[in-house]
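Annotated in Swiss-Prot:
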{"type": "SIGNAL", "residues": "1-21", "note": "signal peptide"}
{"type": "DISULFID", "residues": "38-98", "note": "disulfide bond"}
{"type": "DISULFID", "residues": "53-145", "note": "disulfide bond"}
{"type": "BINDING", "residues": "54, 56, 58, 75", "note": "Ca(2+) binding site"}
{"type": "DISULFID", "residues": "55-71", "note": "disulfide bond"}
{"type": "DISULFID", "residues": "70-126", "note": "disulfide bond"}
{"type": "ACT_SITE", "residues": "74", "note": "active site"}
{"type": "DISULFID", "residues": "77-119", "note": "disulfide bond"}
{"type": "DISULFID", "residues": "87-112", "note": "disulfide bond"}
{"type": "DISULFID", "residues": "105-117", "note": "disulfide bond"}
{"type": "ACT_SITE", "residues": "120", "note": "active site"}
């Protein structure tokens, strides 16, 4: 089976199983993953899924570094997008383009899709500019993210 299809299947299956204190796995994860791969082609997107205090599920405490701060800003951006009527960023898909490492959100997106696309685009650009520290991958959240 295509890895992309497995990713979508996992997102659909895992999201209802999460604890109530955790946000559901985003269904637009596939698009965000592709944006990250556009701006950071030399590192697997998976390295960003469990990084620091904010990259991945949840988010609390002080970001451990600039990359983690990118994820905190992305979380806050989604919180702002949720203020748009009937906008659920974790489930919203959008139109965008990747060309030679440059991301562009397309003009045909409605207000919610445009906001979510811009959140993801800015996060992917931020990831590209922030150093990656292997010591901040898969950290003990209880110990380091209070």
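The backbone N, Cα and C atoms fix where each Cβ goes, and this holds for glycine too.
When the disulfide-bonded residues 53, 55, 117, 119, 145 are compared by the number of other CB atoms within 10 angstroms of each CB, 145 has the fewest.
In the three-state DSSP assignment, the secondary structure recorded for residue 126 (disulfide bond) is helix. A distance of 5 Å separates the Cα atom of residue 71 (disulfide bond) from that of residue 54 (Ca(2+) binding site).
Cβ-based crowding with a 10 Å cutoff singles out 70 as the top-ranked of the disulfide-bonded residues 70, 71, 87, 98, 112. A separation of roughly 22 Å, to the nearest angstrom, links the Cα atoms of residue 112 (disulfide bond) and residue 55 (disulfide bond). Listed in chain order, the residues near the Ca(2+) site other than 54, 56, 58, 75 are 53, 55, 57, 59, 60, 71, 72, each with its Cβ within 8 Å of the site Cβ centroid. When other Cβ atoms within 10 Å of the Cβ of residue 74 (active site) are tallied across all protein chains shown, the result is 22.
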